[in-house]
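Some notes on the structure that comes next.
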There are 2 protein chains.
Amino acid sequence: MTEAVRPETGRPSNLDQKIASRLKRDADGLVPAVTQQYDTGEVLMVGWMDDEALHRTLTTGRCTYWSRSRQEYWVKGDTSGHQQWVKSVALDCDGDTVLVKVDQVGAACHTGDRTCFDADVLDSVTGERPEAAGV
Amino acid sequence: MTEAVRPETGRPSNLDQKIASRLKRDADGLVPAVTQQYDTGEVLMVGWMDDEALHRTLTTGRCTYWSRSRQEYWVKGDTSGHQQWVKSVALDCDGDTVLVKVDQVGAACHTGDRTCFDADVLDSVTGERPEAAGV
């Protein structure tokens, strides 16, 4: 196995070349990773992965992200105990987003909430599909 | 209502100032928007929103995104007929991601798949939480 250095990040990656060739990364070499509870469907959080974080997520059974603020890898749960055990990983149709289904231990959010989307629901108009509205 | 021009994009936005002040945008003035089917929990797609796309999503009952490739707003379903009727919108804990729960008409993916994550499931090791493994 050859470790390749990614030009966008300057960091080495062991990601399978067949997967790496399908990834469309942003200017920082990252893709957003949506993390979802595998059985309930809850969207838990969105993190960021470079090639090596995706490689580690695919090969260790635990989610690894790239921290944009700290500029380092982090394995979810190593500090908090709130691990994410990987159930499946998929790329989207144009290779610029990852969906990771996991079994989340405890709270996904650093605030202690189950998900990062629990606390700030915005006021919005809702829509109704025409057939549901009886049109 | 005052239209403000966003410095990152140069585009005017009508987004409520109280929401705009909580948004943490990328260098292009965008945040990723995760779109989820409100009743089944399917993650349908990830798009991108600037302030005005979020404003339109919040106020029209239909999802509006910013197309990074075409550099224009698009209302999901206007071309395909596969509208997304908004049920709720939430910001995440640090204001850099949006979760939109919708009622998706037909296929969310331009390929005709129900979701953008159906076609490219990657080989991965799976993990098991210790208690589930009987440890």
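Please read every residue number as a count from 1 along the shown chain.
For all residues, glycine too, the Cβ spot is worked out from N, Cα and C.
What TrEMBL says about this one:
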| type | residues | note |
| --- | --- | --- |
| BINDING | B:Asp92, B:Asp94, B:Asp96 | Mg(2+) binding site |
| BINDING | B:Cys93, B:Cys109, B:Cys116 | Zn(2+) binding site |
| DOMAIN | B:45-117 | domain 'Phosphoribosyl-AMP cyclohydrolase' |
Which same-chain residues, if any, lie at least 6 apart from B:Asp92 (Mg(2+) binding site) yet have Cβ under 8 Å of it: B:Val98, B:Leu99
Close in space, distant in sequence - B:Cys109 (Zn(2+) binding site), Cβ under 8 Å, 6 or more apart: B:Leu44, B:Met45, B:Thr115, B:Cys116, B:Asp118, B:Ala119
Which listed residue (B:Asp94, B:Asp96) has most other Cβ within 10 Å, given these are binding-site residues: B:Asp96
Winner by Cβ contact number (other Cβ atoms within 10 Å) across the binding-site residues B:Cys93, B:Cys116: B:Cys116
Summary of DSSP states over the domain 'Phosphoribosyl-AMP cyclohydrolase' (B:45-117), given as helix, strand and coil counts: 10 helix, 29 strand, 34 coil
